[in-house]
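Visitor: Just lifted these from Swiss-Prot, have a look:
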type: ACT_SITE; residues: Cys87; note: active site, proton donor
type: ACT_SITE; residues: Cys226; note: active site, proton acceptor
type: BINDING; residues: Asn11, Asn78, Gly88, Asn89, Asn163, Asn199, Glu217, Arg218, Gly227, Thr228; note: substrate binding site
Amino acid sequence: MDFSKGHGTENDFVVLPDPDVRIDLSAPRVAALCDRRRGLGADGILRVAKAGALAAAGVLAELPDGTSEDDWFMDYRNADGSIAEMCGNGVRVFAHYLRSTGLETRDEFVVGSRAGGKPVIVHSADGSAGEVTVDMGVVRDLGTSAATIDGKVFNGIGIDVGNPHLACVDAHLTAASLSALDLTAAPGFDPGFFPHGVNVEILTRIDSGAVDMRVHERGVGETRSCGTGTVAAATAALRFDGADSGEVKVRIPGGQVTVALSGGRATLRGPSVLVASGNLDDSWWNGLS
C-alpha cells in the first residue's frame with residue numbers, strides 16, 4: 001500500500017492514495033499507523049479519493065455542501081482513529097500532494113471535506129515544498145466559555161471553523177510564559193457547551209500584527225500546529241482588540257501561518273512539506289484489526 005508523509009508547520013500526516021476506496025480505515029488501524037513507536041507516526045491520516053467514489057462506497061452518506069462528485073476529497077482521520085470534519089494544515093498538504101503527483105494540474109481548485117468544499121490556491125508546489133492558501137469559509141461565534149490549563153482558568157470564545165474550537169486570549173501571557181504552560185494533560189472544558197469535545201487554543205494578544213499560540217487537539221493531544229486552530233486564534237485575537245476583520249500572523253511551535261478575516265470568512269496561507277513516500281508492508285497492515 002503506497003503512502004506519502006508530509007506536514008504543514010509540523011502538523012504531520014500520512015497521505016494514503018485510495019482512488020478505488022478499498023482501504024479499510026478502521027479506528028485501530030488508523031491509531032496503529034499514526035503511533036510514533038509501532039507505526040509511521042502522524043497527527044492524522046489523509047485519504048485521497050474522489051468525493052463520488054467515497055459516497056458510492058458508503059464512506060460519505062451524502063456530498064457535503066460545495067463539493068461535487070469529481071472533487072478530490074480529504075477523508076481525514078485523527079491519530080486516535082476518529083473522523084474529523086476539517087483540518088486546515090491537512091488541506092494544504094493534501095493540495096500540495098495532488099499538484100506534486102500530477103493528480104491535479106490546476107493551481108486553483110476545490111478540496112472536499114466533511115466541513116464542505118474548500119477552494120485552494122497553490123502558489124508553489126514541487127516534490128518537497130509548497131505554499132497554499134485555503135478558503136476556510138465562514139467562521140461562526142459559539143459564545144464565551146473557559147478552559148482550565150495547567151491549573152489555571154482561561155476565558156475564551158467558542159468558534160466553529162468546520163470543527164469546534166475554544167480560543168483563549170490572555171493579555172498577560174508572553175511567548176515565554178506561554179511556552180512554559182503544561183499542556184501534557186487535556187485542558188478542562190464545559191462538556192455541556194462542547195458535547196463532542198473541543199480543540200483548545202491558548203494565545204497571546206496581538207502585538208505588531210502577530211500572536212503566539214499553542215493548541216491541544218481533541219483525539220490527538222498537543223500538536224505543533226493546527227490550521228483551523230490558527231483561524232480560531234486569529235478570530236479571537238481580533239475580537240479581543242474589538243475588531244472583526246484583519247490579517248494576523250500566527251506563530252505556532254511548528255512555524256508561522258497567515259490568517260485573513262473579512263466579512264465573517266477566513267483564509268489561511270502557509271507552507272506544506274512532503275518528506276517521504278514509500279510502501280506499507282501488507283502483512284503488517286492486514287494483521288491489524
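Heads up, the Cβ atoms here are built off N, Cα and C, so glycines get one too.
Describe the structural context of these features.
Guide: Other Cβ atoms within 10 Å of the Cβ of Cys87 (active site, proton donor) number 29 in total over all chains.
The 10 Å shell around the Cβ of Cys226 (active site, proton acceptor) contains 34 further Cβ atoms across the protein chains shown.
Within 10 Å of the C-beta of Glu217 (substrate binding site) there are 27 other C-beta atoms, taking all protein chains into account.
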Visitor: Rank the binding-site residues Asn11, Asn163 by the number of other Cβ atoms within 10 Å of each Cβ, and give the residue at the low end.
Guide: Asn163
Visitor: What is the separation, in Å, between the Cα atoms of Cys226 (active site, proton acceptor) and Asn11 (substrate binding site)?
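Guide: That separation, Cα to Cα, works out to 7 Å.
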Visitor: Quick one: of Gly88, Gly227, which of the binding-site residues has the smallest count of other CB atoms within 10 A?
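Guide: Comparing Cβ neighbours within 10 Å for the binding-site residues Gly88, Gly227, Gly227 has the fewest.
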Visitor: Taking just the CA atoms, what is the gap between Asn11 (substrate binding site) and Cys87 (active site, proton donor) in Å?
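Guide: So the alpha carbons of Asn11 (substrate binding site) and Cys87 (active site, proton donor) sit roughly 10 Å from each other.
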